[in-house]
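Lifted from Swiss-Prot, the feature list:
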- 165-172, 190-194, 212-215, 282-285, 310-312: GTP binding site (BINDING)
- Ser172, Thr192: Mg(2+) binding site (BINDING)
- 1-158: domain 'Obg' (DOMAIN)
- 159-329: domain 'OBG-type G' (DOMAIN)
- 349-427: domain 'OCT' (DOMAIN)
Amino acid sequence: MFVDQVKIYVKGGDGGNGMVAYRREKYVPKGGPAGGDGGKGADVVFVVEEGLRTLMDFRYQRHFKADRGQHGMSKGQHGRKSEDLIVKVPPGTIVKDEKTGEILADLVTHEQTAVIARGGRGGRGNSRFATATNPAPEIAENGEPGQERDVTLELKVLADVGLVGFPSVGKSTLLSVVSSARPKIAEYHFTTIVPNLGVVETGDNRSFVMADLPGLIEGAHSGVGLGHQFLRHIERTRVIVHVIDMSGLEGREPYEDYVTINNELKEYNMRLTERPQVVVANKMDMPDAEENLQAFKEKLGDEVKIFPISAVTKQGVRDLLFEVANLLETTPEFPMYDDVEESEASVMYKFESESNFEITRESDGTFVISGYDIEKTFKMTDFSRDESVRRFARQMRGMGIDEALRARGATDGDIVKILEYQFEFID
């Protein structure tokens, strides 16, 4: 089964907790703090595996959670960093943040890697907090939570040339005679429901990869007939071969087919019209094909070169392949996304709002504090130790949260909530 789009959940490993410990060794007076730092949590790393051709495996496993770092130990020993969680994906996979739509990675080459969810740093042990005024601190940090997100994986096949056209115009037959690919061929519409790839040899030491894409119908750009799933695979191609049925046996008019398919390409992605397009008049071995071709040429004009062929008899196929190979030599790869879009995506990754916090009030009068920085600080605080609690209170004041609460009318004894935890506000 060919699967080209899935949604999954990924989470980097939490950092290991720092430790509160002291040196208690014979002949070592005033040993001091000796709590080690926690180890870094593992990253979730996507790696391209050349042998994969589909996202099928992700239908059975949709949650990927990396291991947390090892906790700090006594005698100043730091916790071990966890091994990264490696997730293998096929070449041509695009990873998007489900919430923001941000493009996190475009993975195309073998063994290319991308960190999709970063592990948290390890919490600091009490030896890190020693000062001249507090030489034996009773404080350590919990590990930083690992990054977590829902992501969408989209697979867009890697091919130099894409065959497009209405169903049953002979795309699969053409691919089968010019390559060793063996797509399913039958006398009914939508025989091809997944992309088929074949390596084409032109006979003069040139070769390219051709994709037989499922047939398009009117309205495909808006999703009709699974149009989105089919059209996304055209985006990586450099040359489009537009196959048109000249036999008239299906009752369609060749020129109308030509206009309709090009309109669908334009409506789906304007940049598809920038690609060179080779128009192929197929089924020229049929009785009325020559007459239909002349009528098609009259409507189309002289600006478009047409290659009459018969995929069944191989008439005209050699000239077609040479033309495609020539176009590929002069056509650069088309970037999947504009530079502006990439720049915006990199800015989104900074999460500019994370340094802020928000205070809301529930119907029972409880003040609710939310925001990336305060929630991370809260999770990294060990509330079982008084010194850690006092440090957290200082951090809240440093962020301006105490002042903001007073401005909203908070007084002694009011309930303040962060995540699922509640405590009293003390002015």
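The backbone N, Cα and C atoms fix where each Cβ goes, and this holds for glycine too.
This view paints the features noted in Swiss-Prot onto the structure.
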| residue | record | DSSP class |
| --- | --- | --- |
| Gly165 | GTP binding site | coil |
| Lys171 | GTP binding site | helix |
| Lys283 | GTP binding site | coil |
| Ser310 | GTP binding site | strand |
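Taking the C-alpha positions, the distance from Gly165 (GTP binding site) to Ser172 (Mg(2+) binding site) comes to 11 Å. For the binding-site residues Ser168, Ser172, Ser310, counting C-beta atoms within 10 A of each C-beta gives the highest total at Ser172. Each residue contributes its Cα atom, and for Lys283 (GTP binding site) and Ser172 (Mg(2+) binding site) these two points are 13 Å apart.
Figure note: comparing Cβ neighbours within 10 Å for the binding-site residues Lys171, Lys283, the maximum is reached by Lys171. When the alpha carbons of Ser172 (Mg(2+) binding site) and Ser310 (GTP binding site) are compared, the span between them is 13 angstrom. Across the domain 'OCT' (349-427), the DSSP tally of helix, strand and coil residues reads 33 helix, 17 strand, 29 coil. For the domain 'OBG-type G' (159-329), the model's average pLDDT works out to 80. For Gly165 (GTP binding site), the number of other Cβ atoms no farther than 10 Å from its own Cβ, over all displayed protein chains, is 23.
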